[in-house]
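Straight from TrEMBL, the features:
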type	residues	note
COMPBIAS	9-28	compositional bias 'Basic and acidic residues'
COMPBIAS	29-42	compositional bias 'Low complexity'
COMPBIAS	43-52	compositional bias 'Acidic residues'
REGION	1-55	region 'Disordered'
TRANSMEM	63-86	transmembrane segment
TRANSMEM	98-117	transmembrane segment
TRANSMEM	129-150	transmembrane segment
TRANSMEM	170-190	transmembrane segment
TRANSMEM	246-266	transmembrane segment
TRANSMEM	272-289	transmembrane segment
TRANSMEM	310-331	transmembrane segment
TRANSMEM	343-366	transmembrane segment
TRANSMEM	378-399	transmembrane segment
């Protein structure tokens, strides 16, 4: 009797357990929406593809479309920068000059660099190549780091053979070093202040002429170069030639042809004309070395700790250019090989053109203003010590151990 009475209770418990397990399965399992018979899965996918925005395929474009405007702008503005630097130095070099003539070229280049860093959006509005040419081409070619360090070296070693003590030699070198650095940073700050006012005036002009919002004030002007964050539109950041790019290309070809003609016909200005061609090579090399400013993690591990997060590209360009200028300074003495008239033209052109355009003070000063105070001091000290070490190893020891006359070219 007891077994018969318990069987219906057991059945009820089993049914309750089954209902609970079914509820748990319905809750835990995802709800699957059934597709009606009229719409097959293929038709659903077709409708979804039509509603989604279509992404245009990336077609390969010719390399000249990206590099052409950049190279044309760099070559053209580097030629202008070499002419400005050479003629400014000659203009302010005379007997009894209060300061050396190269200082004016350094200040003019840093002043233009300060304006360009604050009006980057204005230049980018017309053409990215124009902004690249003004900052990297023009300002980088007007200023020169290697010639500045050569002047410091000549003061330290008294190559002009003035009758004073070694302590006076040290004071002369420090005077050239401190005055150039202070005047360059001051000119850069003045250019940045004027550039901010120009940017504001241009923004007011845009608001009056075009009521729609303009991306001028959303461009970061603290960065000084490098590749764009999105490289889908091209290497430099544009995907089509503009009128400014076409004009830069035409003027660049005309300038190269004119310099070649002047080299062949005018002998008196042959040194400057050759320097224009060598300057283009130095500017393009410095532009490519600028990609090292954003080092990868592998490169950062190979560098010492104090060199981390420093603009490595500008540092390498300044050191290489200074080392080449030290070799040229030794060759100009005539102790190794007696230089002829043609070789003197070439040596002067390499010094003024290649080394002058490969090294730069404007970018160096702009990077010092962007970095933190401690890192900027480390960057300045390491750059100056490295370049002076090359001058001492290449030219200083040679001049102290050999009895030679100083430069004849």
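The backbone N, Cα and C atoms fix where each Cβ goes, and this holds for glycine too.
A TrEMBL annotation is a machine prediction, not a hand-curated record.
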Are there three or more C-beta pairs under 8 angstroms joining the transmembrane segment (63-86) and the transmembrane segment (378-399), sequence spacing 6 or more?
no
Where, among 63-86, 98-117, 246-266, do we find the most CB pairs under 8 A to the transmembrane segment (170-190)?
98-117
Which one of these stretches, 63-86, 98-117, 246-266, 272-289, has the most C-beta pairs shorter than 8 Å to the transmembrane segment (129-150)?
63-86
